[in-house]
Amino acid sequence: MAQLLPSIPILLALISWACGVPTARNISATRHFQVDAEDAHLSVPQLILKYGYGAEVHHATTEDGYILELHRIPKPGAPVVLLMHGLLCSSADWVSIGPGNGLAYLLADQGYDVWLGNARGNRYSRKHRTLTPKMFAFWQFSWHEIGFYDLPALIDYVLEKTGRSKLHYIGHSQGTTSFFVMTSTRPEYNAKIALAQALAPDTLAALFETFGVAEFAPSNAILHDISKLLCTTQISNNLCLNVLFQLAGANPDQVDLKLIPILMGHTPAGASTKQIVHYAQGVRSGQFRQYDHGTIKNRFVYGTPDPPVYNLTRVSAPVVFYYALNDYLAVPVDVERLSRGIGNLAGYRQVRMETFNHLDFLFAKDVRTLLYEEILGNVRRYGG
């Protein structure tokens, strides 16, 4: 389908990414992830169950008819944390590196009720009340709709099911973009957020300045076959990693090669072309604003020749930013500029490793000690 694109990290890093289990609660942090090859072929709920945690599957329907799948590691009555993935990815981002390291598992170990969201169009959220993914109309959305419709639907569903009045929100990359869309265009949702923690927040402008916007939609089988040829077990001659480092920033010491086939099994997760184009428009305009349909349609949709700029001063929920010096997709100068507009900036933190990159926020060997322990501390501090 012309509307589907593979994961930006996986696709451009690849032409790219072609049994006894210990009790989850007894697994401590390690620089070598406790995962195995089978994990590439399991769904997120199956992965969670495999490693000794409870797992539930839920569905929330948006105002415009998309049926979104959530994955839950349940702890009824406990404070709630909602995790939201980045562009062209899925809930797998939060569990791929296994127990003892994956953020979803760490939160569950601390006694939280953990919910993993999936945006419209990815492999878990490909249903609609009246449309199918084979229809052009199904794919007529960008990350604006994810922020305006998906996040509110997910948050309302989770709060209704748990009986809580607030939740913690943690997003990576596009998961932060969509949060800022929601809280600036539907500011009533600020009151439902105990604390938002934004990992690598930006508009991915650097990506499009480097690579442009292009369509590329090979099947997972093709990606798998290519990856077997290009992705070796050595960092020095692994073409996948070399391309990935050019895209997101090089940090070979933080790569566990066992993880590559697992990530390949869970990505690309799917997205719409308009999500990609919307990011590219930000490069051209230099502004964080709604989708540009062109002057004529803009007048019909917005009443103005140009799309409205998101008013970030309306973000009144407390937000903590995390950025990295070696992140080529969320470069520090852009993150700093974005942070200046936030209405309630509760923290602005640099990850304390100079080589930490965009994907290290999810997959680095030392991500627990470098980042996640501080995130867990903030969740405790803000209650909810």
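All positions are counted from 1 along the displayed chain.
A Cβ is built for glycine as well, from the same backbone N, Cα and C atoms used for every other residue.
Just so you know, TrEMBL annotations never went through curation; they're auto-generated.
The annotation active site, nucleophile is assigned in TrEMBL to SER173. SER173 (active site, nucleophile) counts 30 other C-beta atoms within 10 Å of its own C-beta, drawing on all protein chains shown.
Marked as active site, charge relay system by TrEMBL: ASP327 (among others). The Cβ of ASP327 (active site, charge relay system) has 24 other Cβ atoms within 10 Å, all protein chains considered.
If you look up TrEMBL, you'll see HIS358 (among others) marked as active site, charge relay system.
Residues or ranges marked as domain 'Partial AB-hydrolase lipase' by TrEMBL: 44-96.
The signal peptide annotation in TrEMBL covers 1-20.
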I'd like the per-state residue tally for the domain 'Partial AB-hydrolase lipase' (44-96) from DSSP, helix first, then strand, then coil.
11 helix, 19 strand, 23 coil
I need the CA-to-CA distance for HIS358 (active site, charge relay system) versus ASP327 (active site, charge relay system), whole Å please.
5
At the Cα level, what's the spacing in Å between SER173 (active site, nucleophile) and ASP327 (active site, charge relay system), rounded?
11
